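Listed in Swiss-Prot:
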type     : residues                : note
ACT_SITE : C78                     : active site, nucleophile
ACT_SITE : E766                    : active site, proton donor
ACT_SITE : E1044                   : active site, proton acceptor
BINDING  : D764, R765, E766, H1058 : alpha-L-rhamnose binding site
MOD_RES  : C78                     : 3-oxoalanine (Cys)
REGION   : 22-568                  : region 'Ulvan-active sulfatase'
REGION   : 569-1174                : region 'Alpha-L-rhamnosidase'
SIGNAL   : 1-22                    : signal peptide
Amino acid sequence: MIKYKAIINLVFIAVFFNNAMSQTVKKEKPNIIFILTDDQRFDAIGYAGNKFVNTPEMDKLAQQGTYFDHAIVTTPICAASRASLWTGLHERSHNFNFQTGNVREEYMNNAYPKLLKNNGYYTGFYGKYGVRYDNLESQFDEFESYDRNNRYKDKRGYYYKTINNDTVHLTRYTGQQAIDFIDKNATNTQPFMLSLSFSAPHAHDGAPEQYFWQTTTDALLQDTTLPGPDLADEKYFLAQPQAVRDGFNRLRWTWRYDDPEKYQHSLKGYYRMISGIDLEIKKIRDKLKEKGVDKNTVIIVMGDNGYFLGERQLAGKWLMYDNSIRVPLIVFDPRVNKHQDISEMVLNIDVTQTIADLAGVKAPESWQGKSLLPLVKQETSTISRDTILIEHLWDFENIPPSEGVRTEEWKYFRYVNDKTIEELYNIKKDPKEINNLIGKKKYQNVAKALREKLDELIAKNSDEFRAGPSDLTVELIRQPESEVKIFDLKPEFGWTVPLSSKYQSAYQLLVASSETIINANNGDVWDSGQVRSSQSTNVDFGGKPLKIGETYYWKVRIWDEENRLVDYSKAQKFTIGESDNYIISTENKFVTDKIKPSKFENRDGVYFIDFGKAAFATMEFNYQAKTPHTLTIRVGEMIDENGNVNRTPPAKSNIRYQELKVEVKPGQTRYRIPIQTDERNTRPNKAIPLPKGFPPLLPFRYAEIEGAQSSINANDVEQLAYHTFWDEKASSFKSDNNILNQVWDLSKYSIKATTFNGLYVDGDRERIPYEADAYLNQLSHYTTDREYAMARRTIEYFMKNPTWPTEWQQHVALLLYADYMYTGNTELVERYYEALKHKSLYELSNEDGLITSTKVDAEFMKKLGFPEGYKKPLTDIVDWPGANFNGSKTPGERDGFVFQPYNTVINSFFYENMKIMAQFAKILGKTDEVLDFELRAAKAKKAVNEQMFDKKRGIYVDGIGTDHASLHANMMPLAFGLVPQEHVDTVVEFVKSRGMACSVYGAQFLLDGLYNVGEADYALDLLASTSERSWYNMIRIGSTITLEAWDNKYKNNLDWNHAWGAVPANAIPRGLWGIKPKTAGFGIASIKPQMGKLKSSQITVPTVRGAIHATFTHNGPRSQTYEIEIPGNMVAEFSLDDIDGKDLIHNGQKVPAAFGAVQLSPGKHIIELKINSF
């Protein structure tokens, strides 16, 4: 019993304390009523001196409170202005208009009703909410959102709500909701915040009568003829830009004001509807007094935007004139009880800040207004604002967007879609804005200062969500501004969609003839207009063909996933050139890196220099000779056992070394070494010559200078390394395996270093493009940089310059397919489809669907692009080199492959070629050929598995007629998906038993095959191996660019600068991390990591749409974490092998295993793999 009484006492004390605290809170915090009207302009109130509108209650509030006679909305359109009021932000920030989706949650989380609701206020709303937002429950304790009913084209637009079964005008309905709200909540312990939004005096646009008022105001102005509008002469209309003359401002003028009868009806209706609101305000104030809360209830009255009442022969709002942006604003705080009129410019977004200040709630830092409470309480005479930003940014066909600034004396504005259309007014001397001073010499400095201020305020009030597209490309070329000539007269454009926009729903692309024109947002060469498309790569130029030799500028803007328009990108310059041969793919510029020594030593008068890495380069140095003499310069790729430049590289090898003489003399201080050209790699019509303007180049890392009579220091010497355009930051990789990290660095650098010659070449020995070399080079180039030009030009080169190996011809389809998948561009497919059909070798097939090179004749060689009289026949190669190559006693790189007329390697490539050709035929709309190539692929797969597979051993033999089984005969079917699932285990077991029994070229397909079937551990073992047949061996023997072979012993004429040895540069992103395009151009990315024994890894992979970033952490045997960031305008599918018995958790939510993959949208994702997480 005692316990029971104690509990009762505690409850009583708690209730009493809570009530006492609530009453204290209520006493400290006022009730707030914010009344918003629709289209009520600044002078449509009696207190402003208007004799025709009857607003006694508004006038009384103005007389008793603070009246702001220069209140301005930051944007003169109801939807955007209301969004500004809710969020406290300029339109430029919240970016909401009639055609967008919801206001961003990030902004609505800081909306003033939610802020007050979360800080002890009871919040209510009735009327026109005016913006799209689906969670009003989070803002209001009670609410009803409604507006004019646009289903009705008559008075029912305003008359469809009922009170006690009587249909009433919306103004009356809203007023009654306010009265009922006060009746229920005035005596509550919580203070209340009531937001009322009247639809009046907005016209009902769909109805011929336009304006509908209540009978209570019907008698007003009955016997009055209202005076006509100011600036009614047609010259004021004709002074408007064409877009305004053709737009909604003019159209709505014809609805309301274009004859005296319409004008009188509309203007009287407008005033009567305002008077109807005034009657409701009277009832509301009476109810406050009745409930005894009138002394502690602040009332704010404001219009959402201004309005044209026939001035300039216009109606509506939207423009930057004062008629459109100025509104009435009254703040009546009965606790102050001091009337004042304030002429300072104040904004709608100040009201948001003022409401928070009245409630004693700290305003979010993101809000952009200023509290007016210090002015209302007369604690200050100014809020210190000299210039305001005004804007109407909704890009709508019938209303031209504009932006400007206003001071007490000046107004400047311009039209967004043509910034050359500007207006400047001295509003102090010319308040009606009649005399446009723009272009007048006397006011040039004023206009310039205001333009700069506008740009400053635009930048200040733009946040991350305004960011425009970036990383612009023309013909897939980044930064084409200088040293690049675009060959396509109708080029394709591309850009990266900002991550803040997530997806693109539309774009507008401008091409202009000058920087001035593009900066004014004019596309005098081509304006795409708004194109409803998500395409952000390979966007075709749609104008007349561009002119050779001319320079152009372009930029683009997009609409995001919610149809919000963001800013234009920065403009990009490009120049049209002309190809000097049949190749149409634009060549990118070359870059020369000036590299200082990483080691510089004076060794008994011989200067030894280590530049850290080998490069295709020359060398320059500063030297001050006092007398003429000769310096001996040695450069090379190797050092000897004593750490000096190796003057005798291995016999037969193509490891480079040169000794050069440089004559020096007084008066000359800068010298370049005279590198000697090599006869073989400069053969006319065989080797690819260096680009025009290049000096002779040699791959070298080390140098020595002997014979110097004056001192030389490290800063005097530079290695000039030549390569194509390269972004080092485009890709990256790290893991907990140091060997793997070194292999990645070696491979990535190899791709950069070997791009010196304009096309992919096979190394310095020959400097000739080969199809297989190029394919491996391309894959690694595409996964290490967002650079496609060299690969595309090399593909075109092969169309007329084929090489002799059978499989190399089959690599051309692989090259084109990789380019298509990584870029999404079909230009080369369209141009070379017919020639590619020949290179796929489908004409060599037998009735079973297998091909043989023995069928090749001279006529077919011509089809492949070989010149008339070419002697060497098409020959199967499998791998390179063969046994006993070049006089050596080595087994070669073919694992003992036994050549047969019909062999497994050739037909594995053929199967892949047929699949690719079917896809290309589909792209080109060649339906019959799609079926033909699909059938050929199916027949080839069936025949290979029936005629080249040893069922007893469960492995593939080298060809029909032999029982020998090589690594190559088994890794190729694995790489191309030929192996039936029931035979994968035996094939994999055999492959693993052979080790790295293939060349650095074959390693591409070995790793592809292993990752295709989930052999992650073994693939990782190969990548991070330290054996003699490994990439680490290349590092160990001293090279910084990948070798042509695993070691000199396996190919005695090898060079130390062969990109086909850089397979890990693509195997790590494509295999270990499993990041590939699932659809062309990375519209959908596939991410299927196979980390094997790694404990941690992070990677950046470039794509045509932006970089994919990923991190892996092995937290322990029961938990792994992947963090993935997907760029804008891309989706990805993330999957893992063997997730049975494990939980996949995406951003905290468990993913049903049946889905098989996690769908990733643009942005950051955390994916956890947990074992038995229950």
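For all residues, glycine too, the Cβ spot is worked out from N, Cα and C.
Shown here: features listed in Swiss-Prot, placed on the structure.
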| residue | record | Cβ within 10 Å |
| --- | --- | --- |
| C78 | active site, nucleophile | 24 |
| D764 | alpha-L-rhamnose binding site | 26 |
| R765 | alpha-L-rhamnose binding site | 22 |
| E766 | active site, proton donor | 18 |
| E1044 | active site, proton acceptor | 28 |
| H1058 | alpha-L-rhamnose binding site | 29 |
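Counting only the Cα atoms, the space from the residue listed as 'active site, nucleophile' to D764 (alpha-L-rhamnose binding site) is about 69 angstrom.
Taking the C-alpha positions, the distance from the residue listed as 'active site, proton donor' to the residue listed as 'active site, proton acceptor' comes to 12 Å. In the predicted structure, the region 'Ulvan-active sulfatase' (22-568) carries a mean pLDDT of 97.
Look at C78 (active site, nucleophile): DSSP puts it in a helix. On the backbone, the CA of H1058 (alpha-L-rhamnose binding site) and the CA of E1044 (active site, proton acceptor) stand 5 Å apart. For R765 (alpha-L-rhamnose binding site) paired with E1044 (active site, proton acceptor), the C-alpha to C-alpha distance reads 10 Å. Counting in whole angstrom, D764 (alpha-L-rhamnose binding site) lies 10 from E1044 (active site, proton acceptor) by their C-alpha atoms.
One way to see the shell of the alpha-L-rhamnose site is to take the Cβ centroid of D764, R765, E766, H1058; the remaining same-chain residues with a Cβ within 8 Å of it are N654, N681, V761, D762, G763, R767, E1044, D1055, N1057. According to DSSP, R765 (alpha-L-rhamnose binding site) is assigned to coil rather than to any helix or strand. DSSP classifies H1058 (alpha-L-rhamnose binding site) as coil under the three-state reduction.
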